Amino acid sequence: MTHTNGFDALHAHAQRLRGAAIPALLAAEPQRPTQYARQVGPLYFNFARQKYDRAALDALFAIARERDLAGAFQRLFRGEQVNVTEQRAALHTALRGDLTDAPVASDAYATAAEVRQRVGALIQQLEGTDVTDIVSVGIGGSDLGPRLVADALRAPSGARFRVHFVSNVDGAAMQRTLATLDPARTAGILISKTFGTQETLLNGSILHAWLGGSERLYAVSANPERAAKAFDIAPGRVLPMWDWVGGRYSLWSAVGFPIALAIGFERFEQLLDGAAQFDAHVLNTPLEENVAVLHGLTAVWNRNLLGSATHAVMTYDQRLALLPAYLQQLVMESLGKRVKLDGAAVDSDTVAVWWGGAGTDVQHSFFQALHQGTSVVPADFIGTVHNDDPYAENHVALMANVLAQTEALANGQDSSDPHRSYPGGRPSTVILLDALTPQALGALISMYEHSVYVQSVMWGINAFDQFGVELGKQLASQLLPALKGEAADVADPVTRELLAKLRG
């Protein structure tokens, strides 16, 4: 990005604004609270407390145009091979809508719709049985997205199915889950793109044995034959996914089977509709008014121009407590790259470390560092305007904390006692959902997906591969025989010492 024509001008704006006080920016642009706000369907965004001004934003958008960001979105939605290292499209948007006239994307949408009908039919079959509990086994993109949505949108009581998620290869996770369930009233879903994932195969074997066979086992995989063979699952209970959808973008596909069981099929479709509506905003809105573009460019500004190494996400709605973990994978697996599309080294830092938690709990853990630490951490604060629980006073208190914390981080407070002085200057974006509905959550997740793509285009990297996860898995596979007491050639001296300790 530093080699773009407009970078020097952008850098000059950063030098000018790095030490600027956020109240001074607001005073210089009196209309800033509304001019830097956007409403897209059920989502409201306010960027007024970010440390840029109109001139800096114009320079950012100039580089976005130089990077052909609008064309990059067209290529994404039309099903061109934007995943160049694996020579694949990235058609997660086609799982939820048909927004272009491109045959590849339209065919993908039709295929996904057919599979979704199969999901609905399987749910109807399960509703006619005595099954009350579902154990969903997957990891990474096969777990984090479904787990987030099911937890966020499940009814407080009265759901037809209780869905339990197991991901970790640690047997304690499966043991604790199964200890509360009756195998005669439980079904299992095994989700793995390749059906070669160690965690899913090991946990799937435990579940298969506990259930007493495969009669109530289902699978979702891009390798359906392997899935059916591994656990003797009838082909009619194996749902496909495709290599043109990455795992972390796959909750909209049959990977969402446990979501539909947890919240109901109709509400699952509403989730997809919400995402598709936000997709339409991204595809059809000029860059300057495009919220996903502004969110992504803000992340680039904070990372590359202001030097922020981390980014925090705080969800002021307990039902969204799993969102930071989901975003960690979406953002860091997509953008944790050190080479560009052509294999050359990047010319600027890429992804920040994303982390966070649920408010107000986090105010009593890491907010001390946000307010008075030496690192400036940009943040997203996410809340809901309306809440449907019966405790209205609690919701008022929750939203008061959103307003108070963002103001305190931005403005700070002087004190004659340096220990009680708040420097301020901490930027944040506030995102408010009208209410936590399936449509709103779908739109929110879509926004973050597209923000990630914006950043990848600006940095010239591939957001859709993840080769960095492979080496550790390969080494773990090679070390398994040694841990079982078999002879193995282990070259690394530290690993040899640790093996000796583990083997006693």
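Using N, Cα and C of the backbone, Cβ positions are placed for all residues, glycine too.
On a predicted model such as this, the values are computed, not experimentally measured, just so you know.
For Glu333 (active site, proton donor), the same-chain residues lying six or more positions away in sequence with a CB closer than 8 A to its CB are Gly140, Arg248, Gln466, Gly468, Val469. Residues or ranges marked as active site, proton donor by Swiss-Prot on the basis of sequence analysis: Glu333.
Look at Swiss-Prot and you will find His364 (among others) tagged as active site. In the three-state DSSP scheme, His364 (active site) falls into the helix class. His364 (active site) is surrounded by 9 other CB atoms, counting those within 10 A of its CB over all protein chains shown.
The active site feature in Swiss-Prot is assigned to Lys473 (among others). If you take the C-beta of Lys473 (active site) and look for same-chain residues 6 or more apart in sequence within under 8 angstroms, you find Gln198.
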